[in-house]
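J.: Feature list, courtesy of Swiss-Prot:
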MOD_RES   1  N-acetylmethionine
BINDING   124, 126, 151, 288  Zn(2+) binding site
ACT_SITE  307  active site
């Protein structure tokens, strides 16, 4: 795509610094990704890249940012990959803005992704900063960086996930209804849950930690026997009653990951179904597993994952069980807040990031005001034109652009346009 750049004569280098930078991005072909053109990641990557793309492979994640495990590159004038975004930022630190530079140094503090999930990801959690530093020092090959990884998933399609521990009353009902849990952890330990109340938060955490750790630590032979028993019982009962959503999910998980302890542990987690345009966020040390659908995900710049089930990748069950916060309750679902015509903001309680969704009808226009921090823009639908004081660019599906700090953006659509902006959390940039 041709890019017409007009640098004002009186603006010089400062105007050029604020010019939008078109990016080429990295993809991951994890086996849980959707295949070929069924994958949103594939379709975005096909539009974003000049490479020959294999339509028979899974396309799981598109990474936009500076993490070394999946770097983005500036697009050169001839359309080829230039320097990495991180290298360019190192040479142009003012593009981050002073507050961001002082807080996080010369790097983008967030990582933006597109996910296309065909089958469940692992049951996992991400460490806080203290644990991340310890894990990275001890096992740098497994844990690639020393940062924490709070994150937010914004549904693009219907999106399903397991997220956080269910409320105490629901957990009591689960222990009563699923005898296989008691078989795995022992009746004395399982029955502890009936002796606690929500008012004693520390006791609740202690009991849930004990039960969950015993469950996840069961040996392979016992797990295989109990999962098979659970499967047989649910199939028999399905002839006489309608299974719950969670029970149907557990049978589906068992088909995909037979004999996996993650099948039974799913009963402990909230089963969340997001509609397009809804989001959930996850702090450090919170268990979760994405199940199906497509989403935009933004997180602190990290790739640290501790896994404990529903995967063929290496597990670290004891670390996961010891690191979890064991907070109980349904997660907050963000619907977004309309901040100006056509723009909805999703603002999680993390300094590193927020996401704006711009749904711009054909022929309409809007403005992203200048902010003292960097942004990444991703176009997922339609065409239009984007202008700043330094440039005027045509945009279309698959375009990814880096926006330097202090850059006001004017948008006009020539067809229905859907665009996402990931940036620094406004509460950090504009403290009260």
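Start at 1 and count along the chain as shown; that gives each residue its number.
Quick reminder: no glycine exception, Cβ is built from N, Cα and C everywhere.
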J.: Note down the number of other Cβ atoms within 10 Å of the Cβ of residue 288 (Zn(2+) binding site), including every protein chain shown.
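T.: Result for residue 288 (Zn(2+) binding site): 23 other Cβ atoms within 10 Å.
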J.: Applying a 10 Å Cβ distance cut-off over all chains shown, what neighbour count does residue 151 (Zn(2+) binding site) have?
T.: 25
J.: Tally every other Cβ atom lying within 10 Å of the Cβ atom of the residue listed as 'active site'.
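T.: I get 21 for this one.
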J.: Return the residues near residue 124 (Zn(2+) binding site), defined as same-chain residues 6+ apart in sequence whose C-beta is under 8 angstroms from its C-beta, sorted by sequence, else 'none'.
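T.: Sequence-distant Cβ neighbours: 287, 288, 289, 305, 306, 307, 308, 320.
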J.: What other residues of the same chain, not counting 124, 126, 151, 288, have a CB atom within 8 A of the CB centroid of the Zn(2+) site?
T.: 125, 149, 282, 286, 287, 305
J.: Long-range same-chain neighbours of residue 126 (Zn(2+) binding site), Cβ under 8 Å, sequence gap at least 6?
T.: 148, 149, 150, 151, 282, 284, 285, 286, 299, 302, 304, 305, 306
